[in-house]
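Take a look at the structure below.
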Amino acid sequence: MNIHEYQGKEVLRKYGVSVPEGKVAFTAEEAVESAKSLSSSVYVVKAQIHAGGRGKAGGVKIAKSLDEVKAYAEELLGKTLVTHQTGPDGQVIKRLLIEEGCDIKKEYYIGLVLDRATSRIVLMASEEGGTEIEEVAEKTPEKIKKAVIDPAVGLQGYQAREIAFAINIPKELVGKAAKFMLGLYKAFVEKDCSIAEINPLVVTGDGNVMALDAKLNFDSNALYRQKDIMEYRDLDEEDPKEIEASKYDLSYISLDGNIGCMVNGAGLAMSTMDIIKHYGGEPANFLDVGGGATAEKVTEAFKIILSDQNVKGIFVNIFGGIMKCDVIAEGVVEATRQVGLTLPLVVRLEGTNVDLGKKILSESGLNITSAESMADGAQKIVSLV
């Protein structure tokens, strides 16, 4: 689950992580009142959407008066902001963060991520702050410093200091930088984060080390024990199809293609998308119905896929282990009848009760194309759309 920047800073502040003073505003009038409450003559007006790249897209403004704060707030609120992370449709700005301006001397990058290779949290840092870390990794990977953290003892002070020295934090501020990293790590672990990115971390003219931006993502599987984080959820920033899918325990992620996919198992779902791409198609979604899908669940999955106007065909790829092929077949037939499906539909079944499943499909009288293998199914759906 993602949250807004201002919410992330609220979380970090509780862990002693230094962040600029700021307030959220939903109207231009609130923006002015927020600015008035800050002890600063320079203000930063920041669009709050669940996407990066806001600065380059014009979503961050520097205001030197209350009149400018109001003008920028009126300009941004209600505007659709398009960044490299939003896609071409962009996201509508519904709230702003009004912050005090900072005297920035140098920008850095600090991030905590889960490293699947080591099954540990890794602290990453770079003196190339303010730019995309992916860009730094591609062009100057030697500028990214890492520390692998032992989960038994957590991030140690010496590791934080080593990282601070490695990215050339001024010597007199290494202690503050280390304290910052230790607070960030504590927040990461206690709040079940999957990503914590501070870009940029800044050193200010008055000798402070603070997070100028904060991106926190949380493990959705752990939210049951993070009630306070759940309160930060902003459904307006989420895909309505993904919200609907979650009601039925379906794992759905919308993509940009035109071939809808319904698969059981995350690994098979990713392989299905790969093979569609291999044969020249473009998947419209990732959809994992899981191992305990019922006919009702399959029907809802179909409805969610078809709510995407870009979908021109559907590929159902099921390997029945726990899942029974006849249950899937019944769900496919029921869903096809309920929604009045007119798009090409290719179904590949394999595993438990596969013969019964194929029989149900063939005797349904519906226009369903059967596939003998995953490759066969991918080629057929690509040729039909």
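Backbone N, Cα and C define each Cβ position, glycine as well.
As recorded in Swiss-Prot, the features of this protein are as follows:
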type    : residues                                          : note
BINDING : Lys46, Gly53, Arg54, Gly55, Glu99, Cys102, Glu107 : ATP binding site
BINDING : Asn199, Asp213                                    : Mg(2+) binding site
BINDING : Asn264, Gly321, Ile322, Met323                    : substrate binding site
DOMAIN  : 9-244                                             : domain 'ATP-grasp'
MOD_RES : Ser220                                            : phosphoserine
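Gly55 (ATP binding site) sits 47 Å from Met323 (substrate binding site), taking the C-alpha atoms as the reference points. DSSP assigns Lys46 (ATP binding site) to a strand. Comparing local CB density within 10 A for the binding-site residues Lys46, Arg54, the maximum falls on Lys46. Spanning the listed substrate site, residues Asn264, Gly321, Ile322, Met323 have a farthest Cα to Cα distance of 10 Å. Cα separation, Cys102 (ATP binding site) to Asp213 (Mg(2+) binding site), rounded: 12 Å.
Counting every protein chain shown, the number of other Cβ atoms lying within 10 Å of the Cβ of Glu99 (ATP binding site) is 25. Counting every protein chain shown, 14 other Cβ atoms lie within 10 Å of the Cβ of Gly55 (ATP binding site). One residue stands out among the recorded positions Asn199, Ser220 for having the most other Cβ atoms within 10 Å of its Cβ: Asn199. Around the Cβ of Asp213 (Mg(2+) binding site), the same chain contributes Glu5, Glu197, Ile198, Asn199, Pro200, each under 8 angstroms and 6 or more positions distant in sequence.
Here the candidates are the binding-site residues Lys46, Gly53, Arg54, Glu99, Glu107, and by Cα distance the one nearest Gly321 (substrate binding site) turns out to be Gly53. Note on proximity: of the recorded positions Ser220, Asn264, Ile322, Met323, the one nearest Gly53 (ATP binding site) is Ser220, by Cα distance.
Looking only at the recorded positions Lys46, Arg54, Glu99, Glu107, Ser220, the one with its C-alpha closest to Ile322 (substrate binding site) is Ser220.
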